[in-house]
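For reference, the structure is listed below as structure tokens.
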Amino acid sequence: MANSGQKVVLITGCSSGIGLRIAVTLAKDEKKRYHVIATMRDLKKKDKLVEAAGDAYGKTLMLLPLDVCSDESVRQCINNVKDRHIDILINNAGVGLLGPVESISIEEMKKVFETNFFGVVRMIKEVMPDMKKRRSGHIVVMSSVMGLQGVVFNDVYTASKFAMEGFCESMAVQLMKFNIRLSMIEPGPVHTEFETKMMEDVAKMEYPGADADTVRYFKDVYLPSSIDIFEAMGQTPEDIAQCTKKVIESSSPRFRNLTNSLYTPIVALKYADETGGLSVNTFYNLLFNFGPLMHITMSILKCLTCSCLRRRTISPN
């Protein structure tokens, strides 16, 4: 139970990665300003979180089961919070999907949207009425740079993030009237166990329905380039957790928060040309015409940029 003066923070998707690090970072806040409710679908996967939380577990951090894909689970989770009072909701739960779209079933696509988009909508719908009554609250959504700029072979994942960005951009206007803040956190590549395993798995998979050329472009062109980018520009879950902490502690939090300054020029390409041709043609050339050059560039970037630049997070103030 939260002590007087503590803000109640509910975080989704805390069994590993970014969600785990955000939960631990806030629970170990030196001033003990937060009472963290870390949630996950399966509490059997709590061990990593409990170990990382250390002495904070049971004091400033508690666990609740939550499946963001279930209306009933979302309702029960919020009902288990004292007075349904949540000061800060951090929507972190998400799933990825990578590969030629011809080989991805509609059911697989729906599962991505069920978690990445409708999961966020469920959570916001459940906490928003109480926040409106109190005229207070902060909703944080873990988006992605792919919610701003499409990335080849990430078609469905990108679409789910675009949908979430549009939903939140619309909601932010209404919520301002009720003194509720809404902030998007937009990381680029992040080094997590999930990402590493996914990259390893997709390299071994077969892709029925996709032609041989497309599969070759995916495995021999896209994947090596993607690995180069991860190694040169990737951040850690800790970086994203620190960024998120800055956002919720800001007196005037931004709506959009890119966590990696190296991605700013990439996103800017899209807005520099209203026809869309500049960004589409640039990414086409980088991938298919200048692949070897990009590999060399990423290698140089990895060597030249110190960790403080590569992992530089935003400073909202």
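One-based numbering along the chain as shown.
For all residues, glycine too, the Cβ spot is worked out from N, Cα and C.
Feature list (source: TrEMBL):
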- TYR157: active site, proton acceptor (ACT_SITE)
- 13-41, ASP67, LYS161: NADP(+) binding site (BINDING)
- SER144: substrate binding site (BINDING)
Tell me the Cα distance separating TYR157 (active site, proton acceptor) from ILE37 (NADP(+) binding site), rounded to the nearest angstrom. 27
Hey, of the recorded positions listed (THR25, TYR157), which one tops the CB count within 10 A? TYR157
Between the binding-site residues ARG21, ARG33, ARG41, where is the Cβ count within 10 Å the lowest? ARG33
Starting from the Cβ of ILE37 (NADP(+) binding site), draw a 10 Å sphere and report how many other Cβ atoms land inside it. 25
Do you know offhand how many angstrom separate ASP29 (NADP(+) binding site) and the residue listed as 'substrate binding site' by C-alpha? 25
CB neighbours of SER144 (substrate binding site) within 10 A? 27
Would you pick out, from the binding-site residues GLY13, GLY17, the residue whose Cβ has the largest number of other Cβ atoms within 10 Å? GLY13
